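K.L.:
After the C-alpha cells below, expect a handful of questions from me.
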Amino acid sequence: MSPKTETKASVGFKAGVKDYRLTYYTPEYQTKDTDILAAFRVTPQPGVPPEEAGAAVAAESSTGTWTTVWTDGLTSLDRYKGRCYDIEPVPGEESQFIAYVAYPLDLFEEGSVTNLFTSIVGNVFGFKALRALRLEDLRIPPSYSKTFQGPPHGIQVERDKLNKYGRPLLGCTIKPKLGLSAKNYGRAVYECLRGGLDFTKDDENVNSQPFMRWRDRFVFCAEAINKAQAETGEIKGHYLNATAGTCEEMIKRAVFARELGVPIVMHDYLTGGFTANTSLAHYCRDNGLLLHIHRAMHAVIDRQRNHGMHFRVLAKALRMSGGDHIHAGTVVGKLEGERDVTLGFVDLLRDDFIEKDRSRGIYFTQDWVSMPGVMPVASGGIHVWHMPALTEIFGDDSVLQFGGGTLGHPWGNAPGAVANRVALEACVQARNEGRDLAREGNEVIREAAKWSAELAAACEIWKEIKFEFDAIDRL
C-alpha cells in the first residue's frame, strides 16, 4: 500500500457501496429557516425499505452517488448533503410514502430556477430503486426567494396600468389557433376587444409560421388594440407571443412589441425554458410590459398522481422566474383541475403568506415576503353559464378567458364578447348585493339575458354543454 493510500485510509475512507440511509436518512434533524424543503411521493421497488428510498432521493438530488468516493473527504458532507428527515405513508395507497427532504441553501445558485430544478428533479427521477417519484411541494425560504425579481409587475400594478378594478378581467384566445392570415387575425382581435373584452390572446403554438409571420401579426394586433381603445375608452391588450427558437429572437420580438406601444407580451415558459422566461421577465419589468405565461406541456409533467411534479411546484417556480398571469385550470371547464387543489395553488400564486393546509395539497407554509403576486387565468372549455361559478371560485384577481365561448357565438365575435361582458357584470353586481352565486348563479344569468339579446343567444347555444369527468389530480 502506498503512503498516499495509507493516509486516506487513516482518515476513514472505505471503498465500496453502503446503504443511502446510513448517511442521508436523519429523522433527528431539525429543519432550518434557510433550508429548501421538498415533499416527494415515493413508490419504492419491491423489497426497498421506504427509509432507503427516501434517503436515496435525498442523496441523488444533492451530494450522493452510488458508491463512496475519495473526494468525500475533501469537503463537509454534513454541511452540503440533502437529508430525508421524515417519512409518512400515503393514506389509501399501497407502497407509497411521502418523503420529506431538507436541502441546505448553499446547494443552489441565487436567482436561478434552472439550477434549483436541475438539482432537485434533474436526475433522481430515473433512479432504478424507485418505481415512481413525484415532487408534491417545495418550501422556498425567504432567504432564497429574495434573490429573485419575481413577476415583472404583479397584480396591483397591472390593475393600475389598466385602470380596471373590482372585477375579474376578461380574455379570449383567438381561434382557429393556426391558419389565419395576420390581417384576419387582427380583425378578430378588434371585434373581441370592441365587444367588451379586456384582452385577447395568441394561442400557445402561434409563433412565426409560414401562414402568419410574427411581425405581421404584431402590427395588425397593435392596430386592432388602438382602434378598440379609441372606440370604447378602455385600455385593451393582446398577449403577443414572443416565444421563439432562441432567447435573442424572443427578446427581439418583445422589443418590437414595446416599440408598438402594446401593454403585454406572452411566453410559453415550460417549452421555452426557465432561463429564457427569467430573461424575458427582467426585460418586461425594465420596459413596462406585462407578461402573460402559458403553461404548455405542463400535463406531461404534472398529470400523473404518482410520477412527475405537481403543478403547485411549477406555479411557485413561475412566481420566482417571473410572470404576471399564468393559466391555472378552470375547475368547471374542459381541462384537468379539482377545486381544492386548484384553489391551493391559486393562493400560492396570489398571496403573500400561505399556511400549510394538507386539505388543499399545501405541504409547507410559504412566505413570499412581499414578492408580487401572479393572476391566475381560467381558460379552457368555459362559456357564459360558467360565469357565476368562475366568479365565485377565482374572485376578482383573475383573468377569465373564453376562446370558443366568445368566437363560437352564433352572431359573431363582437356579440360573443358582449355576452361574456354582460354575464360578468351581472355576476359581479349580484355578488356585491350579497347574492349566493353558487346557488343562484343560473338565475342571475337568466335575468341578465332578458336585457341582452347577445347573452340570450349565448345561453341558448351552450345550455347543454358540460365537461363532467372525474379529476385525476385528487387529494
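Cβ coordinates come from backbone N, Cα and C, glycine included.
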K.L.:
Pick the one from Arg295, Arg303, Arg350 that Swiss-Prot also lists for the substrate site with Asn123, Thr173, Lys177, His327, Ser379.
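P.N.:
The record-listed residue among the candidates is Arg295.
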K.L.:
Provide, as an integer number of angstrom, the distance between the C-alpha atoms of His327 (substrate binding site) and His294 (active site, proton acceptor).
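P.N.:
Answer for this pair: 6 Å between alpha carbons.
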K.L.:
Counting Cβ neighbours within 10 Å across all chains shown, tell me which of the binding-site residues Asp203, Glu204 comes out on top.
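P.N.:
Output for this query is Glu204.
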K.L.:
May I ask for the distance between Asp203 (Mg(2+) binding site) and Lys177 (substrate binding site), taken between their Cα atoms and rounded to an integer number of Å?
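P.N.:
The Cα atom of Asp203 (Mg(2+) binding site) is 6 Å away from the Cα atom of Lys177 (substrate binding site).
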K.L.:
Taking the centroid of the Cβ atoms of Lys201, Asp203, Glu204 as the Mg(2+) site, which other residues of that chain lie with their Cβ within 8 Å of it, listed in sequence order?
P.N.:
Thr173, Ile174, Lys177, Asp202, Asn205, Val206, Tyr239, Asn241, Met266, His294
K.L.:
Which recorded positions (Asn123, Thr173, Lys175, Glu204) fall within 10 Å of His294 (active site, proton acceptor) by Cα distance?
P.N.:
Glu204
K.L.:
Taking only the Cα atoms, work out how far Arg295 (substrate binding site) lies from Glu204 (Mg(2+) binding site), in Å, as a whole number.
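P.N.:
Roughly 8 Å, rounded to the nearest whole number.
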K.L.:
Does DSSP give Glu204 (Mg(2+) binding site) helix, strand or coil?
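P.N.:
Its secondary structure by DSSP: coil.
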